[in-house]
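**Q** So Swiss-Prot has the following annotated:
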- Thr6: active site (ACT_SITE)
- Ala162, Cys165, Thr168: Na(+) binding site (BINDING)
Amino acid sequence: MQLRGTTIVAVRTEAGVAVAGDGQVTLGQAIAVKHTARKVRRMYKDKVVIGFAGATADAFTLFERFEAKLEEFGGNLVRASVELAKDWRKDKYLRRLEAMMIVADAGNVLILSGTGDVIEPDDGVAAIGSGGPYAMAAARALLRNTELSAREIVEKSMAIAAEMCVYTNDQLVVETLEKPA
């Protein structure tokens, strides 16, 4: 699946989680039609952050289904993700959706892939979309070699991705969740 026009990155630290996404929407392969789209959003009583990449209508379909699963399972991020993935694999309509999501709460970061997989990165760093490899490399380097906050890491990682990827811009939406004391 070729995901163009978006980069989403998430970083988990001891203090919490930050998720960032750029605002560019690209039509086809060359025309940027919007620069301030919100691809990172809060849900479930502001305790979960989701970022999505891929076809917009498909992403919103998954967003709505994921929100329903969170409600059904009392905000349990992992359970809601696994149950959505099961539906994603079983449902012929859902299997054709071209979207990916990063979902996070204060202690977890998960990637929900376009094939219905649930992936928890070992180091708490995840990235999807066209600039994902650049953002992930930058985030890992910053996490390992600096004392920056999760928010600062995702902001700097997205800036680097925007320099490298023509389908990513510097109009960021960043959401953070702190671990309870």
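Positions of Cβ are set from backbone N, Cα and C atoms, glycine also.
Model, not experiment: these values are computed from the prediction.
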**Q** Suppose we draw a 10 Å sphere around the Cβ of Ala162 (Na(+) binding site). How many other Cβ atoms does it contain, all chains included?
**A** 21
**Q** Using C-alpha positions only, work out which of the binding-site residues Ala162, Cys165, Thr168 is nearest to Thr6 (active site).
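**A** So, of the listed binding-site residues, the one sitting closest to Thr6 (active site) is Thr168.
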**Q** If you run the three-state DSSP split on Thr168 (Na(+) binding site), which class comes out?
**A** coil
**Q** Starting from the Cβ centroid of Ala162, Cys165, Thr168, which together make up the recorded Na(+) site, report each further residue of the same chain whose Cβ lies within 8 Å of that point, ordered by sequence.
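**A** Counting only non-site residues, the set is Thr7, Asp22, Gln24, Ser130, Gly131, Tyr134, Ala135, Met158, Ala161, Glu163, Met164, Val166, Tyr167, Asn169, Asp170.
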**Q** Which residues in the same chain, at least 6 apart in sequence, have a Cβ under 8 Å from the Cβ of Cys165 (Na(+) binding site)?
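**A** Sequence-distant Cβ neighbours: Thr7, Ser130, Gly131, Tyr134.
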**Q** Count the Cβ atoms, other than its own, that fall within 10 Å of the Cβ of Thr168 (Na(+) binding site), considering every protein chain shown.
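**A** A 10 Å sphere around the Cβ of Thr168 (Na(+) binding site) contains 30 other Cβ atoms.
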**Q** Let me know how many other Cβ atoms fall within 10 Å of the Cβ of Thr6 (active site).
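**A** If we count other Cβ atoms within 10 Å of Thr6 (active site), we arrive at 30.
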**Q** Tell me the coarse DSSP state (helix, strand, coil) of Thr6 (active site).
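**A** The three-state answer is coil.
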